[in-house]
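As annotated by Swiss-Prot, active site, proton donor/acceptor applies to 279, with the evidence given as similarity to another entry. If you look up Swiss-Prot, you'll see 14-17, 45-52, 214, 358, 374-375 marked as FAD binding site. The compositional bias 'Basic and acidic residues' annotation in Swiss-Prot covers 402-412. Among the features that Swiss-Prot reports, compositional bias 'Acidic residues' is placed at 499-509. Residues annotated as region 'Disordered' in Swiss-Prot: 389-412, 486-509. Residues or ranges marked as site 'Important in orienting the L-aspartate substrate' by Swiss-Prot on the basis of similarity to another entry: 114.
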């Protein structure tokens, strides 16, 4: 076992939520260690965020109404109040004053409007807002005397002691030439999960590869509460390809139209807000029209696309897409609205453990996330959790970490790839945009068997790939089980058998 490291606050993840937690804790004088499994800390979901970050401007109540409406009755008003109450100050203090993010606008900020927003309130930088936030954030933290950063350091498991989380075990692949190490214990006064999303559970996702739900899985296995796992959001307009890229909501906000293979605009038939309807509505409509006619394209002719969205125009050119004839789009996995249950400062049900960002269920999003609120939620909850974690002033409490097998990076050829193919196939086919009770039961059976195979193999060796497979299987099971236990459609959880279940004589029994 490698010598242990101690720190006041351990942050697992280097996106906007993890950076926010690290900044707030460091400002309180705490020692902070940020560990990310990415080879570069900037390889986080935040860096892929396009559209922007919503703020309240001078009307927090209208943002609250829009969030609650998008959440389809499942959002927590107290959590939404916390978000809109902190929004303006957090954006101004951190993003504008501290980091100097170059938001678009020559004289003042250029606020954009996106789907399901009643007003223009979204700050953006081209269609690469996350990239322009995360780079300055990481550089600022790297220069902070209270913050240390570890890249290519994956958390394998949380360390617990009598119901409290006392740190985590890391798998390290240092770039310095030092030997790789597995089972490196880091003991912390408080641990903050900021591990991002679950995109690797699906064949097509807007998330970076490696988004295997690690924080949700580790927390669940340690005994933390996980809620609303069924609410997996599918973005309606990703490039229709095996390797998709996101076509930001902001493009529709500027006037782009959705047309089927017959050239017909169809969204007015599905919702009064047409292309600016909530994401779940647009995603199901796009899927239906694509199934019926063979293709859906985003018509960008109503706007000066290359001038307003040069990054997206370049992405189209790189793929050989002639955007002047429309961009082929289809829904793909985008965001987990549920996750590790937390309160308004990011506390989980386990002592000393916090969760922020996409791995957390704050209650803000309910059954469906409003466009451009993920960066804001990550920032606000990161700041709240970091300040609270540092304020707890708990000394690291070294305890006995779980024993790991010898490190074995050499899995049988194709082992991890084959298991992930099976997992993604069952998630796509049975736990996707449209669901039935029978499909969800089938998925649970396959995922249980897959997890059993991975667990059996892991009894004799340790590998980062094995732990990521385990995490993906655990989270897949949590999603399928929650979806199966919720027969009512809401937001991005759509039960296509709901009407039949309501008509059946034994419904509800």
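Glycine is no exception: its Cβ is also placed from the backbone N, Cα and C atoms.
Locations of recorded Swiss-Prot features on the structure.
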| residue | record | DSSP class |
| --- | --- | --- |
| 14 | FAD binding site | coil |
| 45 | FAD binding site | helix |
| 51 | FAD binding site | coil |
| 114 | site 'Important in orienting the L-aspartate substrate' | coil |
| 214 | FAD binding site | helix |
| 279 | active site, proton donor/acceptor | helix |
| 374 | FAD binding site | helix |
Fill in the CA-CA distance, residue 51 (FAD binding site) to residue 114 (site 'Important in orienting the L-aspartate substrate'), as an integer in Å. 8
Between the Cα atoms of residue 214 (FAD binding site) and residue 279 (active site, proton donor/acceptor), what distance do you get, rounded to the nearest Å? 26
Using other CB atoms within 10 angstroms as the count, which residue among the recorded positions 47, 114 scores least? 47
Quick tally, other C-beta within 10 angstroms, 16, 49; top of the binding-site residues is 16
Residue 114 (site 'Important in orienting the L-aspartate substrate') versus residue 49 (FAD binding site) - Cα distance in angstrom: 14
Distance, residue 114 (site 'Important in orienting the L-aspartate substrate') to residue 374 (FAD binding site) (CA atoms, angstrom): 14
For residue 114 (site 'Important in orienting the L-aspartate substrate'), the spatially nearest of the recorded positions 16, 45, 47, 279, using Cα atoms, is 279
Do me a favour and check the Cα-Cα span between the residue listed as 'active site, proton donor/acceptor' and residue 14 (FAD binding site); whole Å is fine. 27
Cβ neighbours within the same chain of residue 45 (FAD binding site) - under 8 Å, at least six residues apart: 15, 130, 196, 197, 199, 207, 208, 211, 358
Looking only at Cβ atoms, how many others are within 10 Å of the one on residue 14 (FAD binding site)? 31
